[in-house]
Amino acid sequence: MFARSAARALASPSRLFSTSASRHTKVAVLGAGGGIGQPLSLLLKSDPLVSSLSLYDIRGAPGVAADVSHVDTASEVNGYAADKLDEALDGVKVVVIPAGVPRKPGMTRDDLFNTNASIVRDLATAVARIAPTAHILVISNPVNSTVPIVAATLEKAGVFDPAHLFGVTTLDVVRAARFLAGVSGASPNDTPVTVVGGHSGATIVPLLSQSPYGKGISGEAYAQLVHRIQFGGDEVVKAKDGAGSATLSMAYAGAKFTNSLLRGLNGEKGVITPTFVKSSLFADQGIDFFSTNVELGLNGVEKIHPIGPLSAEEEKLMEACLPELKKNIEKGKAFVA
Ligand code: NAD
Ligand code: LMR
């Protein structure tokens with residue numbers, strides 16, 4: 001069954017994709033055969049800003065490509081088997097990476113590190129060699145560590161451009177808007193929430209005080225809403241009961257973020273969304289990757305916005321976020337060093 005949000009987006013792509021810009025782009029999905037990769041590839045096939053899709057996986061990508069390629073949109077689709085990674089990356093401008101294992105109940109995202117760190121490092125090594133100027137969107141968990149791994153790998157290869165690397169935290173933003181809409185009775189279109197920090201438990205910090213619908217929520221209702229935003233991923237892992245983690249809502253979020261980046265790359269102004277990037281905001285505390293509102297532009301990261309005013313509760317959430325985030329980032333860096 002297809003997630004309602006993704007199905008709505010397919011029925012009416014304008015809900016998910018804005019098309020005001022006109023230049024088109026070749027996009028690769030690495031891990032295209034997986035639970036996220038398949039619906040993400042389908043949604044990207046519906047994005048008018050994608051001119052060509054390169055689908056790669058160690059298993060099943062040619063089949064996914066053959067299937068998706070029949071959708072009646074203009075883009076071309078090609079599938080690449082395990083030994084064809086270099087061909088898959090040839091000429092791509094944007095690389096989206098959902099390759100890697102997902103959680104099972106009882107696991108943290110950090111428990112995925114041992115398997116996913118080397119997958120992401122090896123894919124980043126290939127991107128550095130074949131498409132060194134590509135924009136890289138990392139979905140694979142633990143994002144707080146896999147993004148520093150990609151950065152360090154590109155740095156080693158001498159091709160790291162901080163404006164071209166993004167940890168995809170859009171699912172936290174999507175969840176926050178949806179859950180706040182549920183609590184406030186408003187439409188999710190009216191309840192955007194800036195979510196800062198990283199992408200796991202306490203490192204996910206929703207700034208509800210900056211939302212007209214969120215700022216009045218207090219007490220137990222506030223605590224429950226924050227907990228749901230921070231641990232929404234666990235809700236899905238538990239409900240899927242061993243069959244993996246969020247795939248459909250993640251595909252929606254991944255396609256949404258990719259479209260935002262493509263709009264920025266195509267010259268649209270004012271495209272602003274939270275994403276986990278190399279950032280100097282907390283560098284004085286030894287934290288050099290952080291998610292906050294980022295303006296996307298012709299070269300990727302155009303401007304990193306400050307986090308803005310925080311409530312007393314949010315100050316406390318930040319206190320819990322920063323040490324854990326720092327540990328996750330250092331673990332990623334140490335893996336490559
Ligand atoms: P999945 O197991 O369904 O799919 C993963 C795919 O990656 C598989 O098809 C597998 O063959 C492929 N793969 C493995 N090694 C590869 C390699 N070296 N090169 C190319 N492909 C490779 O898992 P999923 O549910 O799609 O989740 C993928 C990842 O995304 C997990 O790490 C998960 O935790 C993460 N995730 C992140 C977010 C987020 O918000 N950033 C949300 C949901 C899931
Ligand atoms: C999520 O937030 O749904 C993903 O990070 C997957 C997970 O492991 O929870």
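The backbone N, Cα and C atoms fix where each Cβ goes, glycine too.
Per TrEMBL, the candidate among N114, N116, N189, N293 that belongs to the NAD(+) site alongside G31, A32, G33, G34, G35, I36, G37, D57, I139, S140, N141, M250 is N116.
Among the recorded positions R103, R109, R175, H199, the residue whose Cβ has the fewest other Cβ atoms within 10 Å is R103. Among the binding-site residues G35, G37, R103, R109, N141, the ones whose Cβ sits under 6 Å from an atom of ligand 2 are, in sequence order, R103, R109, N141. Taking every protein chain shown into account, N116, S140, N141 are the binding-site residues, and of these the Cβ with the most other Cβ atoms within 10 Å belongs to S140. G37 (NAD(+) binding site) sits 19 Å from H199 (active site, proton acceptor), counting Cα to Cα. The Cβ neighbour count for G33 (NAD(+) binding site), using a 10 Å radius over every protein chain in view, is 23.
A gap of 25 Å separates the Cα atoms of G33 (NAD(+) binding site) and R175 (substrate binding site).
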